[in-house]
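**Q** Handing you this structure, nothing more for now.
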Amino acid sequence: MEVFYYVVFGALAAVVAGLELGKSGKDRVATTSAFNSFKNNYVLVYSLMMSGDWLQGPYVYYLYSQYGFDKGDIGRLFIAGFGSSMLFGTIVGSLADKQGRKRACITYCISYILSCITKHSPEYRVLMIGRILGGIATSLLFSAFESWLVAEHNKRDFDPQWLSITFSKAIFLGNGLIAIISGLLANLLAENLGFGPVAPFDAAACFLAIGMAIIMSSWSENYGDPSESKDLMSQFKVAAKAIASDEKIALLGAIQSLFEGSMYTFVFLWTPALSPNEEDIPHGFIFATFMLSSMLGSSIASRLLARKLKVEGYMQIVFSISAVTLVLPVVTNNLVPTSSVKGGSISVGGSLQLLGFCTFEACVGIFWPSIMKMRSQYIPEEARSTIMNFFRIPLNLFVCVVLYNVNAFPITVMFGMCSIFLFMAAILQRRLMVVSDLHKSSTSM
């Protein structure tokens with residue numbers, strides 16, 4: 001493997017270590033032992049949940065191909081997952097608000113464990129059921145856990161500012177360090193120990209079961225609106241009314257959809273972007289480098305939030321930087337000469353793109369705790385999970401369209417489209433800051 005990859009990884013690791021070890025008093029917030037215990041419990045559970053998700057990622061496509069399915073068949077399986085999240089996610093999110101967020105988190109564990117079990121079958125219909133279950137689980141992962149955390153944090157009368165500490169730590173570990181370890185563990189089980197591509201899914205099921213046991217034994221239940229008078233349709237109406245009547249919520253949903261839509265599209269595009277002529281690139285090592293970049297972003301976010309900088313302000317810069325990074329493939333494709341030789345090592349253009357993609361992943365690391373902070377401020381408690389899953393409808397629709405037409409457009413067009421979406425997110429973020437400031441000034445008069 002080329003020295004370039006080690007240099008990039010080593011430089012990122014040094015910066016992350018420096019940021020974490022060099023935190024000053026301004027970067028730390030004084031809390032209580034009760035809060036620290038609560039935070040550590042949630043971060044442990046969240047890390048276990050994310051390990052169950054990350055372990056599956058590296059081998060899901062490979063497993064399907066080993067069962068003899070072609071690119072079209074596999075594409076339909078992926079579309080089923082995102083489509084399931086779009087169709088059923090809002091329903092299960094609404095049920096989480098009504099029936100309880102703890103129950104919803106347990107349902108996530110059960111759904112994903114069943115999805116992992118289906119990977120043992122080479123039958124296409126069984127695998128399709130597994131993707132549908134996985135789509136439902138994904139919706140719960142990105143709504144029920146955060147909704148439970150916010151409600152429980154407020155119920156225990158902790159300082160609202162401390163929420164950002166839990167968000168930052170959960171993202172730093174769950175979306176950074178755990179992702180790297182999960183990728184290495186998946187490789188160890190499937191390749192080094194020779195258990196095959198289904199082994200990481202069995203390991204994921206074990207971690208999910210451990211997390212479920214901790215939830216059942218240590219979490220209390222909380223609700224959005226548990227009143228018997230409100231059925232599922234009433235919950236939808238409450239969520240829809242909140243989005244339609246409050247510009248801040250609508251803007252937040254649009255921003256989230258634009259950024260996450262670009263992020264999930266990037267997941268499908270980075271491999272062909274870095275190896276347009278089938279260059280030999282270390283996919284696992286590059287993935288680990290991206291996750292280290294995300295850790296760098298979450299470390300930066302924790303400092304920004306600890307110093308009480310305005311989230312609506314600095315996120316405009318983050319979205320603008322991310323838009324520039326994803327326009328790099330378009331620029332390098334037109335300005336940097338490419339080799340026509342098949343195979344070989346990564347090109348100069350590919351190296352520049354890799355640096356840009358690492359910057360984008362750092363922006364992703366800043367995005368997660370920051371969007372969580374804004375959601376905790378703007379989304380009403382009684383329909384939190386429902387509204388958060390409403391936000392995911394355009395996201396999942398967009399990703400389904402991209403997957404269906406992934407071969408219809410040149411890769412530079414796809415990256416250009418994502419860059420435009422991110423610039424739009426920056427503009428909407430500016431609008432959100434203006435509206436929020438106007439609301440605060442009017443309520444303080």
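Backbone N, Cα and C atoms are what each Cβ position is placed from, and that goes for glycine too.
The transmembrane segment annotation in TrEMBL covers 6-22, 43-62, 74-96, 129-150, 170-189, 201-219, 285-306, 313-332, 352-371, 383-404.
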**Q** Mind pulling out the one from 43-62, 74-96, 201-219, 285-306, 313-332 with the most Cβ pairs under 8 angstroms to the transmembrane segment (383-404)?
**A** 74-96
**Q** Using Cβ atoms and a strict cutoff of less than 8 Å, what residues sit near the transmembrane segment (129-150) while being 6 or more residues removed from its termini?
**A** 42, 45-46, 49, 53, 77-78, 80-86, 88-90, 92-93, 96-97, 101-102, 104-105, 107-108, 111-112, 114-119, 163, 166, 219, 222, 224, 372, 375-376, 381, 384-385, 388-389, 392
**Q** Hey, which bits of the same chain come close to the transmembrane segment (313-332), Cβ under 8 Å, at least six residues off its ends?
**A** 255, 259, 262, 266, 273, 304, 349, 352-353, 356-357, 359-360, 363-364, 366-367, 370, 411-412, 415-416, 418-420, 422-423, 425-426, 429-430, 433
**Q** Grab the same-chain neighbours of the transmembrane segment (285-306) for me: Cβ-Cβ under 8 Å, and only residues 6 or more beyond its ends, written as numbers and ranges.
**A** 1, 5, 8-9, 12-13, 15-16, 19-20, 23, 26-29, 58, 164-165, 167-169, 171-172, 175-177, 179-180, 183-184, 270, 274, 314, 354, 357-370, 373
**Q** Taking 6-22, 170-189, 201-219 as candidates, which has the most Cβ pairs under 8 Å with the transmembrane segment (352-371)?
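**A** Comparing 6-22, 170-189, 201-219: 170-189 has the most Cβ pairs near the transmembrane segment (352-371).
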**Q** Do any residues of this chain, six or more beyond the ends of the transmembrane segment (201-219), have a C-beta under 8 angstroms from a C-beta of it, and if so which?
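**A** Distal contacts: 41, 44-45, 48-49, 51-53, 55-56, 59, 63, 102, 105-106, 109-110, 112-113, 116-117, 119, 148, 152, 185-186, 189.
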